[in-house]
Amino acid sequence: MPLGLGRRKKAAPLVENEEAAGGRGGTPGGDGGVGGEHGGAGGAPPAGPQPPGLPPPPAALRPRLVFHTQLAHGSPTGRIEGFSNVRELYGKIAEAFRIPPGEVMFCTLNTHKVDMEKLLGGQIGLEDFIFAHTKGQRKEVEVLKSEEALGLTITDNGAGYAFIKRIKEGSVIDRVPLIGVGDMIEAINGRSLVGARHYDVARALKELPRGRTFALQLTEPRKAFDMISQRTAGGRGGGTALGSGRGTLRLRAHGPATVEEQPSAFEERAIAKVDDLLESYMGIRDTELAATMVELGRDARDPDALAQALDSQLGDFAFPDEFVFDVWGAIGDAKAGRC
């Protein structure tokens, strides 16, 4: 339906409209890291994008890239290859270290620290070193919802775990010292959220009644040892060098991973702006989702065309009209170089 006729009423932010400044956690603008130690490459060229619902391509047609990885709390260096999405990546990491796949909470690129600016999203640089953060201490915390906005920004790992990406300074959650950035939200009031997407968790928190106490069941990432050296650009592993290292492995929810050039300046600006809008409207951050929306909006002739494209591929989100207009404007600003 055309935007001018009204597709939906504007939904309130699921968690809050967070300011860009302040708070525990990273700053807006993306989850990917740059630089770091390298993974070797070789083999057949990557397969093209597959329509949703098709089985994964044969292993021989997938990108054959080798990446180096460690457990963030300390481990020998492992080598992983042959994955085509985030779930397969976590499975390969678990296989390399002989741990259950469900132990892997999330990954950061080129740092063992719980650094939300270096969170692995939908892309991995071909020279990035992957640090896997595993489950640590479980805890249950009671929180009084004294204000409508809790001060949380939620993201997820793409494999069934939603966790806290940012805590706004001075917010309800900021006043609870046991809750930290990186904590996985396992359950609210005993209701399991394992397997839920980040927007489902944000909605569940938004719908909690104000003035009442609720219980959060959390799992924090296992603590890292300071003796682990942080990976820096220019470091190298034992594989074959990849030249400039400007390529990235794009992980997709549907279809195989593809090797692409690093995002252009326009794409980086647009993805960052759309990711900020996701946080403002929905209380989530998701660079893979933002990148998909930029792809859909790049060639859309007007906001109605963008709305139809979003509804056809991302209808579960039920984006309100105001949000679609803002996304259209953000993509246009990025194209024009207006930041």
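Glycine residues also receive a Cβ, built from the backbone N, Cα and C atoms like all the rest.
Lifted from TrEMBL, the feature list:
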type: COMPBIAS; residues: 1-11; note: compositional bias 'Basic residues'
type: COMPBIAS; residues: 22-45; note: compositional bias 'Gly residues'
type: COMPBIAS; residues: 46-60; note: compositional bias 'Pro residues'
type: DOMAIN; residues: 140-220; note: domain 'PDZ'
type: REGION; residues: 1-61; note: region 'Disordered'
DSSP-assigned states of the domain 'PDZ' (140-220) in counts, ordered helix, strand, coil: 12 helix, 31 strand, 38 coil
Integer mean pLDDT for the domain 'PDZ' (140-220): 93
